[in-house]
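What TrEMBL says about this one:
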{"type": "ACT_SITE", "residues": "Glu169", "note": "active site, proton donor"}
{"type": "ACT_SITE", "residues": "Glu376", "note": "active site, nucleophile"}
{"type": "BINDING", "residues": "Gln23, His124, Asn168, Tyr301, Trp423, Glu430, Trp431", "note": "substrate binding site"}
Amino acid sequence: MADTTARTFPEDFVWGAATASYQIEGAADEGGRTPSIWDTFSRTPGKVLNGETGDVADDHYHRWAEDLEHIKNLGLDAYRFSISWSRVQPHGSGPLNPEGVAFYSNLVDALLEAGIKPVATLYHWDLPQELEDAGGWPARETAERFGEYARLMAETLGDRVHTWTTLNEPWCSAFLGYGSGAHAPGRKEGPAALAAAHHLNLGHGLAARAIRSVLGDDARVSITLNIHVVRPHDTQSAADREAARRIDAVGNGVFLGPLLEGAYPENLLADTASLTDWSFVQDGDLETIHVPLTNLGVNYYDTNIVKAFDGEGTPEMADGHKVTDATPWTGCEDVEFPAKPGPHTAMGWGIDPTGMTELLARLTDRYPGLPLVITENGAAFADTVSEDGRVHDDMRVAYLHDHIDAVGQAMDAGADVRGYFAWSLLDNFEWAWGYDRRFGIIRVDYDTLERTWKDSAFWYRTLVTTKQLPPVAPIDYAGR
Ligand code: GBH
């Protein structure tokens, strides 16, 4: 909740903003870049709202120097971006493309010159199409290709990159890409999604090993997960609690187990036994995956309420899909996600800062000593440009305030949180929702590609430059 006293964050707490290659770069067919699965998917009619693609996006590829000025003017300590694999290694194997590499190399040098830490993600969902054609993430070969790509990038950008993040939200890559098909490559094959999840984990481990073999054991290596905060609809209902346990297993345990505990959770193996025998997990894989992380990146947007479907009436799914459609929740076809009461963002997602605190507390409890970084948090709202030419996005300011305050509460209770990155620096291509949903603290006019700071950008600048959370007037989200 909004309060009136300013909360102070540690001097060395890292404040940043985040983006991802396909969502901002455009220049899809320039500089030797080949199509990724998102080019193919977005160019397929019916996959993305209004048929929009990332062909131009924010044209960041050509306007990166201007965007860097915004990053500097915001006073950010760090900038989190991702590297387009098919821009730097067009065939997903073989030699690097010097023109693609130069783009990121120039960006990294310019960030360093400005005293801003480059935090690079190697994979934010844009698999080279050639690798998908060869089987994609359900194929083990893709993990090996990813490890090789990581090695080449470590050799090229090396320790100029402050922190190497291997993957962004592998849950989305595996279960939205190969389970529900809502994301590229749009395959609806539940069991293949489990194989994809394992090969993403394996790819992370191979990449971590490759980066450290090039840069030494001190290289800062991380992974970003969208960890789901799962709550039973009726805490008194054993069936709802069991539904929540299963969603936690296939939403969280499938990554946290191998990455941080060296094994897939027993209950996940049991829950999915009728779908797969997990024979894609080979000897030695878990040792490869279970390597030290410098920190764990956490993306948080909202909590999930889950309910066991009792077969009566129409099942409710918060994202609007029907229970009869392909589900991203492999093996949990009988679990509903009822729409939540209360305020929502333009994505239809709820607004629940308590989930942020709960998530950080749980991770701290289960993995003591593991440093945490919020690598994404933010909200889409229906922004409008006022007569004065400004964007008075007081809802986004309130959302950011309340969630950053929730991070502070978790830190007060002992969570070791080292940084926070707002999603996103710029309005951008919001995947299956195209340009319809705006997450930026900086507005992008998609006709002129002009950038305009929203009120949230000015507010965030005050926070990052003072390390104090500027108080905001309490807001009634629901009344808007
Ligand atoms: C992040 O993912 C991405 O990293 C980023 O690129 C994106 O722009 C940003 O968030 C905003 O969307 O209804 O069962 O299908 C978002 C994480 C994961 C949140 C899937 C919504 C819906 C689960 N999303 N989740 S389901």
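Every residue, even glycine, has its Cβ placed from backbone N, Cα and C.
Remember, TrEMBL labels are computer predictions, not curated facts.
According to DSSP, Trp431 (substrate binding site) sits within a helical segment. There are 24 other CB atoms within 10 A of the CB of Asn168 (substrate binding site), with all protein chains counted. The maximal spread of the substrate binding site, taken as the longest Cα to Cα distance among Gln23, His124, Asn168, Tyr301, Trp423, Glu430, Trp431, is 18 Å. DSSP classifies Trp423 (substrate binding site) as strand under the three-state reduction. When the binding-site residues His124, Trp423, Glu430 are screened for a Cα within 10 A of the Cα of the residue listed as 'active site, proton donor', the ones that qualify are His124. Each residue contributes its Cα atom, and for Glu376 (active site, nucleophile) and Gln23 (substrate binding site) those atoms are 14 Å apart.
Cβ-based neighbour count (10 Å, all protein chains) for His124 (substrate binding site) stands at 25.
Cβ proximity to the substrate site centre (mean Cβ of Gln23, His124, Asn168, Tyr301, Trp423, Glu430, Trp431, cutoff 8 Å) flags the following additional same-chain residues: Ala20, Glu169, Glu376, Ser424, Asn428, Phe439. It is Glu430, among the recorded positions Glu169, Glu376, Glu430, whose Cβ has the fewest other Cβ atoms within 10 Å in the structure shown. In three-state terms derived from DSSP, Glu376 (active site, nucleophile) belongs to an extended strand segment. Its Cβ taken as reference, Trp431 (substrate binding site) is surrounded by 23 other Cβ atoms within 10 Å in the chains shown.
Residue environment of Gln23 (substrate binding site) contains 26 other Cβ atoms, counted within 10 Å of its Cβ in all protein chains.
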